[in-house]
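Before any comments, here is the structure.
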Amino acid sequence: MPIEFEQTFRNFLMEHQEKYNRTYHFLILMDSIITAAQRIELYYRTGALKGNLGMAGSINVQGESVMKMDDIANEIVLHYLAASNRVIQVVSEESDDIVDMNKDGGRYFVYFDPLDGSSNVAHGLPVGFLFGIAKRNLDGNMKGPEDFHLREGNDYIAAGMFVIPTGMFTLALRDAGCWRFHADETATYVKPMRMTLPDDPKKWELSFNSANTTVFSEKVQSWIQVNISKYKFRYIGALAGDFHRLLTNGGLFMYPAIVKHPDPKENRPQGKLRLLYEANVVAFMCREAGGDAIDETGTRIMEIKPAGHHQRTTLYVGSKPIIDELASLFKS
């Protein structure tokens with residue numbers, strides 16, 4: 001009986017390296033990212049035993065309470081990215097400032113959320129590690145620490161996410177598609193599957209925090225009222241988990257602006273999700289899967305020029321017919 005040899009993630013990347021003229025530097029960078037994800041998953045699985053599930057007792061730059069796993073995941077990713085020696089600068093949700101690494105010899109900027117949905121950790125529910133990668137301009141000298149890293153999503157060459165601890169992760173490569181991998185426990189052997197959003201509206205799902213419906217704008221509330229019965233409703237409460245479902249079933253994930261809250265301090269007219277390491281990441285993956293993403297002005301997410309490294313945005317991401325409909329609504 002012939003032996004079946006599973007494909008390794010490195011084999012997959014090498015095939016694409018040859019086909020799309022990618023360099024070995026990218027392979028080294030991706031190896032550091034997948035190693036970081038493995039370490040995060042290990043700490044997640046053993047968190048209760050090692051006392052890593054509580055609060056860290058600090059507040060991050062977003063004004064959010066930090067959990068111990070947030071700090072652990074951030075430290076892990078920063079360590080492996082620095083060890084790769086291929087990264088110029090890093091923007092992390094958990095780091096107030098830009099993190100300099102190899103400004104002279106590095107080739108990539110990396111944007112990441114080390115532990116999306118960390119409030120799920122204590123309940124054993126899925127969390128995510130999201131990342132986006134942009135390449136240094138070949139003719140570029142560093143303009144300065146405050147602007148060179150501020151790249152549009154259209155400048156990204158890759159983006160991906162790990163859904164921890166499911167053993168599944170997604171990687172989108174520019175002009176080469178969006179791929180989901182089912183990995184073994186070592187994340188060495190993988191089963192790649194190209195993701196394309198389904199065309200059948202009967203499969204589509206609608207995902208958003210329904211508890212906030214009354215504080216959305218009138219336009220958004222009206223659209224929900226008309227369309228909520230057309231699609232199945234699913235909401236996990238972690239961007240990585242909800243977007244993972246979206247890639248499988250199609251439809252729409254949205255995080256609208258909050259503009260009608262009884263307490264004006266709770267309003268978020270600019271949106272909640274961060275552009276560089278959340279919205280751009282899922283927008284990039286969705287585009288490579290045949291979808292699109294916009295903000296609440298109808299502007300494509302990947303065309304937004306960031307003004308700051310923790311800039312927030314509204315987000316509507318999913319199947320193109322729905323996104324086109326919403327873009328027309330917002331621009332009207």
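Glycine too: its Cβ is placed from the backbone N, Cα and C atoms.
The Cβ of Leu115 (Mg(2+) 1 binding site) has 31 neighbouring Cβ atoms from other residues within 10 Å, across all protein chains displayed. The annotation Mg(2+) 1 binding site is assigned in Swiss-Prot to Glu93, Asp113, Leu115 on the grounds of sequence analysis.
Under the heading Mg(2+) 2 binding site, Swiss-Prot lists Asp113, Asp116, Glu278, citing sequence analysis as support. Taking the Cβ of Asp116 (Mg(2+) 2 binding site) as centre and 10 Å as the limit, one finds 27 other Cβ atoms among all the protein chains shown.
For Ser119 (substrate binding site), the same-chain residues lying six or more positions away in sequence with a CB closer than 8 A to its CB are Met67, Gly237. Secondary structure from DSSP puts Ser119 (substrate binding site) in a helix. Among the features that Swiss-Prot reports, substrate binding site is placed at Asp116, Gly117, Ser118, Ser119, Asn209, Tyr235, Lys272, with the record citing sequence analysis.
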In sequence order, the binding-site residues (Asn209, Lys272, Glu278) whose C-alpha falls within 10 A of Glu93 (Mg(2+) 1 binding site): Glu278
Task: List, in sequence order, those binding-site residues among Asp113, Leu115, Tyr235 whose Cα sits within 10 Å of the Cα of Glu278 (Mg(2+) 2 binding site).
output: Asp113
Query: Excluding Glu93, Asp113, Leu115, which residues of the same chain place their Cβ within 8 Å of the centroid of the Cβ atoms of the recorded Mg(2+) 1 site?
result: Asp70, Ala73, Asn74, Ser92, Glu94, Phe112, Pro114, Asp116, Ser118, Gly128, Phe129, Leu130, Tyr277
